[in-house]
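This report refers to the structure that appears directly beneath it.
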Amino acid sequence: MRLISISTTIAFGFAFQAQAATELQWWHAMTGANNEMIEELTKEFNESQSTYKVVPVFKGTYPETLNAGIAAFRSKQPPAIIQVFDAGSGTMMAAEGAIVPAAEILQKGGFTFDKSQYLPGIVAYYSKPDGTMLSFPYNSSSPILYYNKDAFQKAGLNVDNPPKTWPEVFEAAKKIKTSGAAPCGMTSTWLTWIQTENFAAWNNVPYGTNENGLGGTDVKLQINAPLYVEHFQAIADLAKDGAFRYGGRTSEAKQLFTSGECAILTESSGGLGDIAKSGVNYGIGQLPYYEGHGPQNTIPGGASLWVFAGKSDEEYKGVAEFFNFLSQTEIQAKLHQVSGYMPVTMAAYEETKKSGFYEKNPGRETPLLQMMGKAPTENSKGVRLVNLPQVRDILNEEFEAMLSGQQDAKTALDKAVERGNAAIAAAISN
């Protein structure tokens, strides 16, 4: 009887432990070094307590993850947390009843939410007009310029002074190509996010009407204005000569840089982890601009964490605990310093500065200085469309036709505006 009693007690003990750990699925789109960071952070959180277990689940690219989340919600089987890229923010904000604001989640969990503790530009981007933070900004980034120092030296370019304006970048790309310093002068990830949305903000020109969508959903695109045409025609001309090489619609072009094929890359600061691991002798510069227009301020990219409605109070408490964990200064500082993403709290930023990290790692403060250097204007607060992922797809189709020589920049941008405006109008009416 005693043996039965002991075994029964053990069995009940294990059952209790299994029930006590409330599982919280976190769907995400991170790969490479950034996926390693997610695994490390969730392991650290899970080991810090025994009540909740966060389970990270990779769901593909940013658009694929968003689509998977939408489908899961419709089938009433959503995860507790989903990582949604910046372009999907408008879609999530418009889905009333499908999400619970992050600020509300933190308050439900017994935590005091003080938005003054967070970087203002990041919090504002993921908040309602009344200031309510809707999602937790996990991996916010800013586009910057990376350059291959060895290729610059071979081409006779200044290794310690990367080009600052777009005309200077284009000239450097030509010189790199013609000198044979690298097979390709330059490339860029995310032509939509970097070369249109951030291009607008950084050069203080409108992307669309109605404050780029922040003032209302009825938006008319303005990305066929003369400065855009000049910029994209210059890129198209470089592509004809092979000085610019197209890598793909999202972050694929990063491989062209890490392989040594292209010597200049405009990419998210969040791409730093993979670039650092590649062994390329790289330098960092600010995002290029046009004289007389920029630099103004960049807008956040990357992604934030959204919480689906329909979960239990216990699950929401667990999510609040996890968000609070991610907000800790040491966690934010580590995420920033290892990945290149920006810290979301002022305390983590100040801690990183005090540690001397930026002095030891030149260029690493650049994303933050770009975003916070100037107060935003109507052109540089951000872009918020109810169907921004769809509009990006339209732009990418026209850019790809341009880069393959099927049309010039003006035709590509005119068609993108016409098609994009029609898609926005249809999305609003639906």
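Placed from the backbone N, Cα and C atoms, the Cβ positions cover glycine too.
With TYR62, ASP86, SER141, GLY302, TYR341, ARG392 listed by Swiss-Prot as binding sn-glycerol 3-phosphate, the candidate from SER116, SER268, SER429 annotated for that site turns out to be SER268. Across the residues the record lists as binding sn-glycerol 3-phosphate (TYR62, ASP86, SER141, SER268, GLY302, TYR341, ARG392), the two Cα atoms farthest apart are 22 Å from each other.
Counting only same-chain residues six or more apart in sequence, the Cβ atoms lying under 8 angstroms from the Cβ of TYR62 (sn-glycerol 3-phosphate binding site) belong to ALA29, VAL84, PHE85, ALA87, GLY88, THR250, ALA303.
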